[in-house]
Amino acid sequence: MALETKPAQDPATEIKHELDPKRKAALDTALAQVEKSFGKGSAMRLGDQPVQNVEVIPTGSLALDMALGIGGLPKGRIVEIYGPESSGKTTLALHVVANAQKKGGVAAYIDAEHALDPAYARKLGVDTDSLIVSQPDNGEQALEIADMLIRSGALDVIVIDSVAALVPKAEIEGEMGDSHVGLQARLMSQALRKMTGALAQAGTTAIFINQLREKIGVFFGNPETTTGGKALKFYASVRLDIRRIQTLKNGDEAVGNRTRVKVVKNKMAPPFKSAEFDMLYGEGISREGSVIDMAQQVGVVKKSGSWFTYEGDQLGQGREKVRQFLKDNPAITEEIENKVKAEFGLIGSADQFAEDEDAAAAAAVSEAAAADAAKDTKATAAPAAKSSRAKA
């Protein structure tokens, strides 16, 4: 006798159980008291608010945006970028700043290392005239300034460069050789406890750049660790491990690095994905190079021999020539980029965009027609009113 098996029910379509009326009344009373004491929205049912997608800031690399799973770095969260020296940590952070500014956002840069190069930042697209920069004297001052700027609610992104340079005041005022065990870790733990809630309320992304150190006496496993204690590892929603894997050369001249970023931690999407992209000297992340790589991966751009084709048209021979072609034709670059994002499900398809545009155009036409009709009604009503007053 065969056993009957019922198909598994989708959790989203499960029947909602009705709450006992007495318990429901008690819960509603408690929620009303919470709102009265702490303000509207302090506690609510998750279903009371419409589900909203997480706002993101693009990183400048399409490959990294796809690896993050949501199209960029999440707003209102803490992000840690760490890696060896000269691996591109600051460059990546500056690209995020530039992209936030391009969207009309406000950015701040806490330069604890006192090493920010405004000329290089401008080459990466940063609007240095509107960038808020602070070069604090000690770690407490740096984190206090960061906290005050975040609580203003006006920032979109703030970069702290770097955690290793957040030296506690006691260490600066003390003598060389004095022991200050755990002082920086306690400072970071206290600051992150204060910042986390403020970042979420303000919708500000905080990027902490960190350095690597080696643990002494570790014979098995990875001896590398980051500075500033363990608090940042817990509070960060995204942790990025950035490494230089290859030197890019034009003949004998080095023109940049091939960079790999591993998403070590990700609370927004599945972690442990990697992205590779070109980082060119004096130019930063090659957006066009990343678009070529990802478009080729999903089949939007095809490669035959050394020739690259897009929708049957040849883009050029050799990756460097295609990169230059896309740089000279930003409209084509954006079109290819949108198709790649659609393949990954981050945005609607091109057909959906066309439908949305048609709907928006139709709505605009109907609004204009309604406005014209209202004007005509007013125009005909005015003489009638005048004549009625004259008769009276």
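One is the number of the first residue shown, and numbering goes on along the chain from there.
Just so you know, glycine gets a Cβ as well, placed from its N, Cα and C.
Looking at 1-21, 85-105, 211-231, the stretch flagged in Swiss-Prot as region 'Disordered' turns out to be 1-21. Annotation for the binding-site residues SER86, SER87, THR90: lowest Cβ count within 10 Å of the residue's own Cβ, SER86. Non-local neighbourhood of GLY88 (ATP binding site): ILE242, ARG244, ASN257, THR259, MET279, ILE285, each in the same chain, at least six residues away, with C-beta under 8 Å from its C-beta. Residues GLY83, PRO84, GLU85, SER86, SER87, GLY88, LYS89, THR90 make up the record's ATP site, and a Cβ search at 8 Å around their centroid adds ILE242, ARG244 from the same chain.
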